[in-house]
Every structure is written in structure tokens, then in C-alpha cells.
Amino acid sequence: MDADEVTIREQNFHSQVREYTICFLLFAILYIVSYFIITRYKRKADEQEDEDAIVNRISLFLSTFTLAVSAGAVLLLPFSIISNEILLSFPQNYYIQWLNGSLIHGLWNLASLFSNLCLFVLMPFAFFFLESEGFAGLKKGIQARILETVVMLILLALLILGIVWVASALIDNDAASMESLYDLWEFYLPYLYSCISLMGCLLLLLCTPVGLSRMFTVMGQLLVKPTILEDLDEEIYIITLEEEAIQRRLNGLSSAVEYSTTELEWELENVKSTKTKLERRKKASAWERNLVYPAVMILLLFVTSLSVLLVACNILRLLVDETAMPKGSGGPGIGNASLSTFGFVGAALEIILIFYLMVSSVVGFYSLRFFENFTPRKDDTTMTKIIGNCVSILVLSSALPVMSRTLGITRFDLLGDFGRFNWLGNFYIVLSYNLLFAIMTTLCLVRKFTSAVREELLKALGLDKLHLSNNVRDSETKPAANGHQKTL
């Protein structure tokens, strides 16, 4: 063995050690942040070290690991895009030699591996372990609960295996495809993850348009709105009188026959919350009221319109160019060419759009009626609900790179198992996905900005009593002095 071969092996060894170290440090940071997020929402339990406390702690660690993997999947595509531009701008810089194509491919492979691990092993284990009590006749304890959890996981794996076999037989009844199911690692798990990714993309297709229109309401609640023809001092005085009236009823100084104590306390909390918002609006400076709010709303409208415009351009590109398909486009590779027309500025804009779509999808997910009770609450979220939220965020975040590439938000090629999904090569699925996203987003925005006009038209025609328009989510509720809810 000559010296050159030894030197090459040493360089490869040091390169692998460096890459694993970087991956570990990045994941450690994400894990710490995820731990603080979960503990902020987790319901506070007793400090005693009993069996349930140990089970909760193990489930907490597994949920934190899953949330860290979800954050890594979200950051995966933006990190790859910005790395490509940095390598193009500073190709010979010594301090960024650690940032190379091997590291990027390794991160994509690890994200795919850990997503499969969390989705099919860790999260089901955490849920069954939390709900387990041990088989009847066995000695109660951690070992009995672990045994029950393992048995449940085996039964779940057999059930999913049977479902995939039936689905494969119905869709593609071919001997080769049936034999490939015996290959658990190379075909079965990627095929199953491809199905989960497709469902995640469909969920994103449902949540993101709703979230894009809902973002205007959310930002309107966080920011101070301009004061137009309003007397805040008078409103604060009225709400203070209401607070004092409810407080007297709670103290027994006034009759409260038709109200229970719980209802009055809930009503008092709403009044205090409204009073706090009014006082915040009064203390806000003029530039914060009259400049920040309109600027943020215009910025949201610009980013949302740009997203729809890019999707429309991608639809035209799909009709005339085969390389616009998200699978098999054969890009130039990491650090060889810029994938954005406007260079570094275009890459930064793509990253902003990707993060905006992810935030909008999460907002839209919790805005849907089916998942609105799924929203975590500070210091009052059960461990079971935390596990469900972590699984939902993992499915959404794992499908985010696929959706971004499918919609043409970025032209960065999907790496690892993300680029091996079979449905990404189907022209009709990709084109239908783009059309549905553009149409649904446009309809949600039109419905959002024309809601006030529709309400006034219904009132003018006398049809407001038919409840043809329902804007309960975007309205604010204010308790009146008589205890009834008044809609503003």
C-alpha cells in the first residue's frame, strides 16, 4: 500500500468524522430548542418518581427527538439552497471547506432515515408505552409495559404490511412488484414512506391555502391596528365597568342566579383580556399603529401573491418543459451552478417563501375544524396530545421539501429518498397538484378579502338571518355588561 492511498484514506476518514460531528452539533441544537418548546406546553405533573413519571419522561424524550427531526426536515431545503450559493460565491475559501456536497447529501439521508424511524417506530412506541398497563397476570411494572408495547408494535407492523400488500395487489398486480415487497429495507420502507409523503403533501394542499388567508387575521391579532374613529378611553372605561360588575357578582354582592362560578370566571378572563388589548393599543406609538400594521399586511399580500404567481409560472413550465418535473430533472449538483435566476437574492427569496409556506401550513392545520381541538395550550397539554402534535408536524415538515419542489418554489433537486418517490414522476399528479394549490389559494384569498362586502350585501338584501356567511373565526367576541356575547 503506497503513501498516496494511505493519505486518501486518512482524508476520507477525517472528512467523515467532521461531517458526523457537524450533524451531531446541529441536531443537538435542534434537540435543546425542541425540549424547551415541548416543556413550555406540557402539563405540569407531580415531581414524585413513580412508574407513570418514568413513562412520561421517556415519552417526552422521544417526542423531543421527533420534533427535532421535524425542525431538521424544515431547515433541510433552505440550508441546501444557501449552501449552494455560498459555495458558488467562495469556492476556494478555506473556512467553508467543511460545507460540501457530501455533507448536504448526508444530511438529506439522515433526515429521511430519522423521519422513518420516528414515524414508524418511536412515536408508535411512545403512544403505546404511555397507554399500556401490562398484560393481565403479569407483575406490574416498566418491563410489563414494555412487553405490551412491543407486542402492540408487532401487531401494528403486521397490519400495515397487510394493508400495503393489498394496496400493491390492487394498484399493480405484477409479479416483480410483489417480489420487491420482500425487500424490506430497499423497497418496502421507501414505498411506505412515499405513501406517507403523498398524504403529507395532500394535507399541506389542504392546510396551506387556508393558512395563507388566515395569516392576515393572526398578524392582525398580534399587531396594533390603526385607530380610526375610535375613542379608546371610552372603551376602556366601559370595559372597566363590566369587569367591576362581574367581580361584584363573583364576590356575592350581586345576584347571579343564572350563572355558575365557572362561567363568571371565564367571562371575567375574557373581559380582562379585552381590557389588556385596549390598553396595549392606547400605549402604542403612532408609527406602530399607522405604519407597522399596514406595512406588514402589504408584505403578507406581496409574499402570498408571489407564491401564487410562481405556481402559475410552474404550471406553464410543466406544459412545455419536461425538466420542470420534480423527479429526474438531473440538476448540476451542489456548488456547480446557481439554481435561481437572480442568484443570491433569488435564493434568499426562495428561503423566505419556504418558511412562509411552512408557517402558513401550521396555522392552517390548527385552523381546520377537525384539528382545532388539537391545538396545544401552555402548561396544559397532555402527553398524548403532544405525541399527536409531533406526528402531525413531522408529516407536514417531511412533505415540505417535496411540496416546495413540486410547486416550483425552488428548482433545487430533492436528494436521498425524497427524490425517489414514484408519484413525483407522474405528470398528471404533479400538474393537478399545482392547479389545485393555485385555485384553492386564490379562492381562500378572495373569500377573505370579500367577507366584509358579502356581509353588507346580505344585510342590505335582508338575508343576514339565514347565516349564509360564517366568519366566526375572524370575528372578535366581547362580553357585554349583561353577560351575553357581543360580536364586533
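Positions of Cβ are set from backbone N, Cα and C atoms, glycine also.
Remember, TrEMBL labels are computer predictions, not curated facts.
Feature annotation from TrEMBL assigns transmembrane segment to 20-38, 58-82, 102-130, 150-171, 191-212, 291-319, 339-366, 386-403, 423-446.
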Tell me whether the transmembrane segment (191-212) sits in contact with the transmembrane segment (386-403), defined here as at least 3 Cβ pairs under 8 Å among residues 6 or more apart in sequence. yes
Top partner of the transmembrane segment (58-82) among 20-38, 339-366, 386-403 - counted as Cβ pairs under 8 Å: 386-403
List, by number or range, the same-chain residues at least 6 past the transmembrane segment (386-403) whose CB is under 8 A from its CB atoms? 38, 41-42, 59-60, 63, 66-67, 69-71, 73-74, 76-77, 111, 115, 118-119, 123, 126-127, 130, 196-197, 199-201, 203-205, 207-208, 326, 354, 357-358, 361-362, 365, 371, 374, 376, 414, 418, 421, 424
